[in-house]
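As recorded in Swiss-Prot:
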type: TRANSMEM; residues: 14-34; note: transmembrane segment
type: TRANSMEM; residues: 45-65; note: transmembrane segment
type: TRANSMEM; residues: 69-89; note: transmembrane segment
type: TRANSMEM; residues: 97-117; note: transmembrane segment
type: TRANSMEM; residues: 139-159; note: transmembrane segment
type: TRANSMEM; residues: 161-181; note: transmembrane segment
type: TRANSMEM; residues: 211-231; note: transmembrane segment
type: TRANSMEM; residues: 246-266; note: transmembrane segment
type: TRANSMEM; residues: 268-288; note: transmembrane segment
type: TRANSMEM; residues: 294-314; note: transmembrane segment
type: TRANSMEM; residues: 331-351; note: transmembrane segment
type: TRANSMEM; residues: 353-373; note: transmembrane segment
C-alpha cells in the first residue's frame, strides 16, 4: 500500500490531519494554564472549549465538496494558511471574548477531516477503503499530541509561547502540501444541489450521521472536557490530566483502523451494533462512578468503542454514496463534529442543576440505545434477518 502513489498521499494527508487536529484542540489541554491569566468562569470555559467544534463541523460539508472539485492539495494548503491567524490571535488572548474568537476560527483545523475521507478512497480498491480511511482517521491523534505535549511545554515556557510554536509547524505543512500534494487527483464535478437532492432522499445518510454524532461526538467531547473535568472533580494535577486525556484520545485513534478492518472483513452494521452495546455499558459505568478508578474504566470503554465505531462508519459511507462521496462525507463528519459541541455544555448544565454530572453520561447511554434501533432497521432492510450476514 505505501509503495504506491496512493500510499504516499495517504501518509501525507494523514500527517496533515494530525497537524490540523493539533491546532483544533490546542485550547482544551491548555485551559488549566490559560484560566490562571485570563479571568473566565466555569460557564465561559465550557463555551470556549466547545466553540472550535462549530466551524470545525459546519465547514466539513463545503470542504468535502471542494475536495472533489479542486483536489485535497489546495484545500489542505489554504486551510493551513488560514490557521496561522487564529493561532497567533490565541497567543495574544487576554479576555474570554478573544479566546472565543480565536477558538471559533481554529475550527478550520477540524474541518479538514472531510478532505482526506473524500480524497483517500480514490487511490484504493473498494476492499481496502475501510483500512485506508481508518489509517487516515488516525490523524485524529493530533488531539492527543496536544494533550500530551502542550501542558508540560506550557509549564516550562508558558502557554502563550507554546501556542506560538504551532505557527512553525502549520507553516511547514503548508509548504509541504504545496510541494508534494497531488495535482492529478481525480475530480468529481457533480453539481452540489443535485448531490444534496439525492442525499436528502436516502435514509441511510440520516442514520450514519446520527451514529457518527455519537461515536465521533464522544471522541471530541471527551477530549475537550476531560482535562478541566479531571482537575476540578478529582483534583488531578494539570499535566497528569492532560496525559490521561491524551491516553483516551490515542486509544480511540489507534483503534479506528481496526474498525475499518473489521468493516472490510465482516458485516459492518452488525459489528457496529455490538460496538454500541459495549459503549452503552461504558456510559452507564460513567453514570454511576464517583471514584477515579471506575471513571477511568468507563472512559477507556467509551474510547475503545468510539474509535472502532468511527472506523466502521467511514467504511460504510463511501460504499453507500460512491457518486456523492464528498458531500456525504462532509455531512456525516459535520454531524460527528457537532456531536462534540453539545456534551461539554450539557455536562456543565447538569452539574450546575443537580450537583453531579452523572445524568449527562446516562444521556449518552440513551442516545446509544436509540442508535441500536436504527441499526436494526437498516440491517433488516439491507440484509434481512440478523441471522444473515
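Backbone N, Cα and C define each Cβ position, glycine as well.
Worth saying up front: this structure is predicted, and the values here are computed from it rather than measured.
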Lying 6 or more residues past either end of the transmembrane segment (69-89) yet within Cβ distance under 8 Å of it, the residues of that chain are 9, 13, 16, 19-20, 23, 26, 63, 98, 101-106, 108-109, 111-112, 115-116, 118-119, 163-164, 166-167, 170-171, 173-174, 177-178, 181-183, 185, 187, 189
Short question: which residues 6 or more past the ends of the transmembrane segment (45-65) have a Cβ under 8 Å from it?
24-25, 27-28, 31, 35, 75, 79, 96, 99-100, 103-115, 117-118, 192, 195, 220, 224-225, 228, 325-331, 333-338, 340-342, 344-345, 347-348
Among 97-117, 139-159, 161-181, 353-373, point out the range having the most Cβ pairs under 8 angstroms from the transmembrane segment (268-288).
353-373
Of the listed stretches (14-34, 97-117, 246-266, 331-351), which one yields the highest count of Cβ-Cβ distances below 8 Å with the transmembrane segment (139-159)?
14-34
Do any residues, 6 or more residues outside the transmembrane segment (161-181), come within under 8 Å Cβ-to-Cβ of it, and if so which ones?
8, 12, 15-16, 19, 22-23, 26, 30, 71-74, 76-77, 80-81, 83-84, 87-88, 90-91, 150, 153-154
Long-range Cβ contacts under 8 Å made by the transmembrane segment (331-351), restricted to residues 6 or more beyond its ends, are 42-43, 46-47, 49-50, 53-54, 56-58, 60-61, 64, 110-111, 113-114, 117, 199, 205, 208-210, 212-221, 223-225, 229, 310, 313-314, 317, 357, 359-360, 363-364
